Amino acid sequence: MKVRVRLAPSPTGTLHIGTARTAVFNWLFARHQGGEFLVRIEDTDKERSKPEFTTNILEGLKWLGLNWDEQPIIQSQHVDDHRAAIQKLLDLDLAYRCYASETELEAMRETQKAQGQAPRYDNRHRNLNPEQEAAFQSEGRSAVVRFRIDDVAAISWKDLVRGPMHWRGSDLGGDMVISRRAPAKEIGDPLYNLVVVVDDAAMSISHVIRGEDHIANTAKQLLIYEALGLPIPQFAHTPLILNSEGRKLSKRDGVTSISDFQAMGYTAEAMANYMTLLGWSVPEGTDERFTLQQAATVFSFDRVNKAGAKFDWDKLNWLNSQVLHDLPKDQLLHELKPLWSEAGWALPEENWCLDLAELLGPSLTLLKDGVDQARPFFEEPTLQADGLEQLAMEGAKAGLSNLLDQLDSTSWDGFDVKQAQQLLTNAAQAANVKKGVIMKSLRAALLGRLQGPDLITTWGLLARIGQDLNRLRRCL
């Protein structure tokens, strides 16, 4: 059997990290098995589904490197198939029309609640005779379609993550609504549990991989598979992503959208790497830093955890920093250039920009850090408190003055590191201070602060665009 898996997001919002992690696990399993990864856009919620969310989801998957193998399926384009399946269930007497009004159903739930019972449909219209149906129709009542669920039904499957799973029909809340309310004798909009079964069968999906919050849906859907005589896929229910307090990660916890992570300066490689680790343990002796392609060679469900996976910002930041540190300077510049241009900076020649990217790379955690750290190379910096304090030290300005005098009288063809070090030594001796005082003071003059990348390389870059002398003079 060929492995075919699918991601089935609803375009009612941007690509959530939970959905993206599900996509990663689906993609890894498909690639490990030599199978196919498909995408189905579940847009049957007409009020909340928006084209811009579909675009965001697909672009997010592309950004993460999760390429799909067939054109994405749009669920709403197959509604006739869904209604045909409902009609088949009606014809087989495995489903029926329920005319109970919302007011009646709410009263039923309130009564159950008052009696200390869990709310569930009481199957009141399960066995209406033709005369009763005609009476409801003559009142102008609309109806939903419900799928019959026997309380004694035994539902079992072997979950690829959780092992044997066992449910009973009585656990599922009564007969299940499979289409929205519509005028009598019509079939309203088909609902999730029916639609998913029909679509997965039509797409020949072999494995359904999704979050553990779908376990109850799986129990319901297995009954529909059997009723329609459709082949049943294997199921894997992955752990939820949790916040620091152990609750399901939600929008209340802040950033959860992949596009937000992208805007914050996280790389696609680090995000995909981290999401793989959210609920999956690497084989012993395997580095926790890897590409998707590397992970696909060893991915298996026996290493997917049952317990929820806590989101760890420190781990994500570390992974992102490692990716940025190791990027070749041309690739790093490719990422940084748009950010520098967006900041309004006129960029010098390419080689200078490449050298700046190489200088900043080891100190970056996020791509956006490359804007803050590059700022003093494009704009004259404001002296910070630590810089002012350094320049006020005894001998600091005298040493910088001597350094400036040497530079004014020195002729060199390009910036020479050895000669620069000698100039600093000379300045320290002239001011009768340690060389470190002069180096810190020079950093304060060039960058406005004492923290920053390698001093000599920084000096060389600013010298190449004629800014070193200007900044020294400003501080004297």
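Glycine is no exception: its Cβ is also placed from the backbone N, Cα and C atoms.
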Range among 248-252, 368-372, 408-412 that Swiss-Prot annotates as motif ''KMSKS' region': 248-252
Which listed span Swiss-Prot calls motif ''HIGH' region', if the choices are 9-19, 284-294: 9-19
Stretch-averaged pLDDT - the motif ''KMSKS' region' (248-252): 79
For K251 (ATP binding site): DSSP state (helix, strand, coil): helix
